[in-house]
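Student: Annotation comment: TrEMBL describes THR223 as active site, nucleophile. Feature annotation from TrEMBL assigns substrate binding site to ARG251, VAL252, GLY253, ASP254, THR274, GLY275, ASP276, GLY277. Per TrEMBL, signal peptide is recorded for 1-23.
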Amino acid sequence: MANRILPFITLVFFSTLFSMVIGDDGVAISKQYPLVVSTWPFKEAVRAAWRAVDGGHSAVDAVVEGCSACEELRCDGTVGPGGSPDENGETTIDALIMNGVTMEVGAVAAMRFVKDGIRAAKLVMQHTKHTLLVGEKASAFSISMGLPGPSNLSSSDSIMKWSKWKENNCQPNFWKDVVPLDSCGPYHAKASMDVKDGGCSTRNLMGVAEPRSSLVGPHNHDTISMAVIDKMGHVAVGTSTNGATYKIPGRVGDGPIAGSSAYADTDVGACGATGDGDIMMRFLPWYCNEYQSFYFLNDEVILGKPSADRKYAQLTGNFAWFGSIRNNKLVWVVYELILKFETFPANMRLVFLIHYQVVESMRLGMEPRLAAKDAISRIARKFPDFVGAVVAVNKNGVHAGACHGWTFEYSVRSPVTVDVEVFTVLP
Ligand SMILES: *[C@@H]1O[C@H](CO)[C@@H](O)[C@H](O)[C@H]1NC(C)=O
């Protein structure tokens, strides 16, 4: 290792840290929380969370109040009961809560007959040593713990939507490589001889996914994903959704998966996502390892001109250093190695999911805007048609969003705003 280089790296790294430290001690900071950030202009939900957190409740309780308000209001028809019918016309609920102080998580998925998703998730977190309960067993648990049910989660709206979809030969739907293609099921796998245009299509060979935009839009794929920082500076996140409209029964997206739909770490911040959960839940931070901005530093740091096809990295003990050019400056980020694979750095840290990576990026001093953008662009490289958004907030209350395939809005309430403010993010 080139010792002459190390002071330089350390210097740049600490200057990244330094800006965070300034933030920590800055006067502006004390005004930045409590703070509530939510996907979409779900203003009533943000107000409900704000009332709780401003009244001195914990971040966890405020998240429950906020998401619960959305469930009651059936935000956009995609949160709470009465929306997003599956192929059988049934509405089911997915929800997640995460305490960024204790790193405890509670979640329910594909829960039937109980409308209080976020409260059920909190009961899982509070009263079990598990993380995720699913299906009818999640319903039984929730009812046994005092939540109302069993109730009919359908509404005249959802039933009407579903009837129309049936009349339209069950189009669009989430099946692929099956027969029949253009009518309702039951479906069967296409015999492999028929698959010459399907399973091994040029599209697949080229690594491009099927377009799915017709199924995914603002009114059939929303999730409330909410982050709260309370007066103590503690961070919590929660999500609630009734999933994708016309989903195949049993489908669970990113909503109830910690690290995929949302993640919180009080030392760093939080992030939340909305969009095509089937896609978003597939992405690991190092999945592609296609950072054009990373330079491979083997034994020696090469400070020459960046070239897109060269990747530099350097290992010092348990830390990996990555350099990237931003605004003509070489900026270093440092990752602590948890898992080290032979093919470093390709498979390094395979353990982290995408939004965790947003939090990770922020832990290393990346501002929320870059961290969020980074996470989204990684997916967009593989799934150009995908529709999704991420909102990130660091522990100082600085927030930002990033999106792909649609215009995204998120809502914020902090001591410096009089009411909920809505921010628009363009793809
Ligand atoms: C549930 O509610 C929907 C909409 O009101 C209704 O059409 C359906 O018959 C109800 N299902 C049951 C089992 O009561």
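Glycine too: its Cβ is placed from the backbone N, Cα and C atoms.
All TrEMBL annotations are machine predictions without curation.
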Student: Please report the Cα separation of GLY275 (substrate binding site) and the residue listed as 'active site, nucleophile' in Å, rounded to an integer.
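Tutor: Rounded to a whole number, the Cα-Cα distance is 7 Å.
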Student: What whole-number value in Å do you get for the largest C-alpha pair distance within ARG251, VAL252, GLY253, ASP254, THR274, GLY275, ASP276, GLY277, the residues recorded as binding substrate?
Tutor: 16
Student: Quick check on the binding-site residues ASP254, ASP276: which one has the highest count of other Cβ atoms within 10 Å of its Cβ?
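Tutor: Counting every other Cβ within 10 Å of each candidate, the maximum falls on ASP254.
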Student: Quick one: of GLY253, GLY275, GLY277, which of the binding-site residues has the smallest count of other CB atoms within 10 A?
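Tutor: Sparsest of the binding-site residues GLY253, GLY275, GLY277 by Cβ contacts within 10 Å: GLY253.
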Student: Tell me the coarse DSSP state (helix, strand, coil) of GLY277 (substrate binding site).
Tutor: helix
Student: For the residue listed as 'active site, nucleophile', which of the listed binding-site residues (ARG251, VAL252, THR274, GLY277) have their CA atom within 10 A of its CA?
Tutor: THR274, GLY277
Student: Please report the number of other Cβ atoms within 10 Å of the Cβ of THR274 (substrate binding site).
Tutor: 32
Student: Which is it, of THR223, ARG251: the one of these recorded positions whose Cβ has the most other Cβ atoms within 10 Å?
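Tutor: Max Cβ neighbours within 10 Å, all protein chains included: THR223.
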